[in-house]
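Okay, structure first, notes after.
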Amino acid sequence: GKQVAHTSLNQTKCIENGRFYRNPDRSEDILWTKNECAKYYLCVEGEVFEFKCSEGRLFDVNRQLCDKYQNVHNCDVTKEIVLPQPLLEHAMCANETHLGCADGRCLPAEYFCDGSFDCDDLSDEAWCDVTNDPNSAEPCDPNMCLLPDCFCTNTGKEIPGNLVPNQTPQMITLTFNGAVNHENWDIYNKHLFTSDRKNPNGCPIKATFFVSHPYTNYRHVQKLWNDGHEIAVHSITHRGPEEWWARNATVEDWFDEMVGQANIINRFGKVWMEDFRGLRVPYLSVGWNRQFVMMQEFGFVYDATIVAPPSDPPYWPYTHDYKMPHECTEKYQYCPTRSYAGLWQMVINPLLDGKNNSYATPEHCDFTLTGDDIYGILLNNFKRHYLKNRAPFGIHLSGTWLRNSHYLAALKRFIIELLRLPDVYFVTYKEVIEWMKRPTPVLQLKKFQPWQCKDRRFRENEIACSKPRTCKLPSKVLEHDKYMITCVDCPKSYPWIRNEFGFD
């Protein structure tokens with residue numbers, strides 16, 4: 001959708017860099033207009049070409065592409081910013097605890113790659129991947145990293161507690177991302193989690209729900225929590241573009257999105273604050289060290305966003321005390337480089353389809369697959385876990401994928417098939433971590449306390465109501481009324497970022 005037009009040189013200056021840029025002489029009062037923000041230029045051998053994004057799109061100069069209005073936030077930026085590489089130890093700083101910016105200025109080493117800009121030329125945050133972070137985590141030291149607080153192994157594939165595979169339960173983690181509402185409620189309630197589906201210890205099978213805010217029915221979330229499923233956080237806005245989470249979100253943004261969503265679910269779905277242990281980032285866009293700084297400060301226990309490379313045998317979860325046991329290669333995954341003591345990574349092992357393709361989740365699979373194909377893929381990947389090192393097998397889904405009746409039938413068939421096995425348990429991430437902290441052989445699991453189905457004591461107002469309120473709420477930010485369903489009183493306005501309780 002690009003139209004090319006020649007313009008004579010006197011109209012727009014040539015900025016020599018072979019990259020797209022905006023007209024540097026545009027006046028300030030039109031910077032943010034849709035018309036101006038959709039225009040961009042390219043200079044080739046002194047000649048300037050003008051382009052314009054197609055209708056409904058603006059030009060994002062940092063990403064060098066046209067995108068939807070709501071994803072472009074830099075109409076005021078003229079050309080992309082390319083940050084210089086810091087000198088670090090090549091700067092010959094007088095103080096040996098200091099490192100050099102690109103311009104030679106020396107600053108304390110811990111200022112580099114900490115997520116905030118300290119060098120005048122911004123170079124301290126410019127080159128911060130695993131190989132370049134001067135403060136990166138050390139490789140695993142199994143003699144120092146001891147359960148229950150720390151877990152790492154040299155390959156990332158060894159079983160905790162040195163158990164042998166056939167003493168190790170095969171844990172299966174069903175996880176669901178996104179809104180919980182009428183579109184997926186019957187799938188959860190009537191198809192997947194029926195009262196007859198029980199683990200070998202006689203307790204109902206459980207899943208982990210990563211809930212985002214728009215379109216969520218908080219009465220349904222409350223009911224899932226009452227029924228013993230784990231409720232976790234998937235952000236308030238689920239905003240785009242994908243790489244915003246990885247590249248641009250500040251530590252404050254992470255707090256607003258993730259802790260904010262915990263506040264919303266706690267307020268409108270009654271889930272106890274201490275029950276929020278983990279989060280998954282939208283689009284699986286891991287947010288580098290900034291995300292993990294927020295998690296540690298708030299007290300989150302685990303992240304469930306990082307995708308490991310395909311591997312046989314697969315990876316076990318680990319803590320971020322030491323360097324990650326695998327590369328971080330997925331698109332938009334900027335993995336943490338520092339050490340975050342005691343923070344667990346519920347790593348995603350991709351599914352293999354037998355044709356040399358791998359997929360982070362079934363949704364990324366080829367959409368021409370039939371229900372039988374999906375069943376086959378689930379079963380073959382299950383075997384790669386069950387017959388090898390019994391690393392937890394994750395199936396990560398969204399409501400939209402489950403609305404395909406063939407896929408839903410395949411998943412049900414898979415669950416029913418596996419519940420025949422005496423050592424397979426469908427558990428939440430919280431329960432995986434409890435087991436890993438105290439690895440317990442299969443034969444003793446009937447007595448393993450954290451996996452028992454003891455009735456939790458809920459106060460009257462914590463039990464999901466049968467007749468929830470449908471609130472029609474104004475929203476300043478979203479510019480039109482939004483609906484929200486909850487068992488508690490309706491707020492004044494639609495809860496949103498920095499207004500979680502809908503007060504203003």
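The backbone N, Cα and C atoms fix where each Cβ goes, glycine too.
Because the structure is a prediction, the values reported are computed rather than measured.
The feature domain 'Chitin-binding type-2' is assigned by TrEMBL to 11-77. What TrEMBL lists as disulfide bond is CYS101-CYS119, CYS113-CYS128.
A simple way to gauge crowding: the CB of CYS113 (disulfide bond) has 22 other CB atoms within 10 angstroms, across all the protein chains here. If you take the Cα of CYS119 (disulfide bond) and the Cα of CYS128 (disulfide bond), they are about 14 angstrom apart, rounded to a whole number. Cβ neighbour count for CYS101 (disulfide bond): 23 (other Cβ atoms within 10 Å of its Cβ, all protein chains included). The DSSP breakdown of the domain 'Chitin-binding type-2' (11-77), given as helix, strand and coil counts, is 10 helix, 21 strand, 36 coil. In this structure the C-alpha atoms belonging to CYS113 (disulfide bond) and CYS101 (disulfide bond) are separated by 12 Å. CYS101 (disulfide bond) is 13 Å away from CYS128 (disulfide bond) when you measure Cα to Cα.
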